[in-house]
Amino acid sequence: MNIIFIGARGAGKSKVSRSLSKKTEFPVVSTDSTAVYEAGGIPIPKFVEKSGWKAFRELEYSILQKLQNADGIILDCGGGILFDLDESGNEVPSQRKLDLLRSIGRIVYLERGLEELIEKVKGDSTRPDLSKETSYRSILEKRLPIYQEAAHFKLNLSKLSKEEAAEHILDWLGIKSK
């Protein structure tokens, strides 16, 4: 069994992944870290600047394809994992990625309030701009319902520590902490 975390930038996916890993001894696989590795060590902002978002979304898809036979991992997905770009370069929900994710494991949506998410990513230079024209708020307004629909389980982290979140997920999965 694999546990997959989805949610917006700044939701807490990486922190909860690490906390859950300590409790289950499942290794964490980060799609973003794997993308950096697959791109020859090029950080995501530089990759996107050089090759564009469409190429990055294709790279994410190829990473998911490689994980189809994984067992016993926690998959920490980047915020855009459920999306692709159409011919005009607009972000659209990705059925192919969702189908792959569902075949890989149980999808947990880690959510926070809109304002909280915006505050958490302000000024973070490690994250590439999602769009020059579109505000993070408008991107979130489009993405949040897609995360909701994709998830097998939803957990609001606004009032939970990462340890409490991990315990809630273990309870939902019926797994005892190690």
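Keep in mind that glycine also has a Cβ here, set from the backbone N, Cα and C atoms.
Quantities reported herein were computed from a predicted structural model and do not represent experimental measurements.
Copied over from TrEMBL:
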BINDING   Gly10, Ala11, Gly12, Lys13, Ser14, Lys15, Arg127  ATP binding site
BINDING   Ser14  Mg(2+) binding site
BINDING   Asp32, Arg57, Gly79, Arg143  substrate binding site
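Features per TrEMBL, on structure.
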residue: Ala11; record: ATP binding site; contacts (Cβ under 8 Å, 6+ apart): Gly79, Leu110, Glu111, Arg112, Leu117, Leu157
residue: Gly12; record: ATP binding site; contacts (Cβ under 8 Å, 6+ apart): Leu110, Arg112, Leu157, Lys162, Ala165
residue: Lys13; record: ATP binding site; contacts (Cβ under 8 Å, 6+ apart): Phe5, Ile6, Gly7, Asp76, Cys77, Leu110
residue: Ser14; record: ATP binding site; contacts (Cβ under 8 Å, 6+ apart): Val28, Ser30, Asp76
residue: Lys15; record: ATP binding site; contacts (Cβ under 8 Å, 6+ apart): Lys162
residue: Asp32; record: substrate binding site; contacts (Cβ under 8 Å, 6+ apart): Ile44, Asp76, Gly78
residue: Arg57; record: substrate binding site; contacts (Cβ under 8 Å, 6+ apart): Gly80, Phe83, Asp84, Leu85, Ser94
residue: Arg143; record: substrate binding site; contacts (Cβ under 8 Å, 6+ apart): Ala8, Gly79, Gly80, Leu82, Phe83
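Fewest other C-beta atoms within 10 Å: among the binding-site residues Gly10, Gly79, that description fits Gly10. Classification of Gly79 (substrate binding site) by DSSP places it in coil, neither helical nor stranded. A coil conformation is recorded for Gly10 (ATP binding site) in the three-state DSSP classification, outside any helix or strand.
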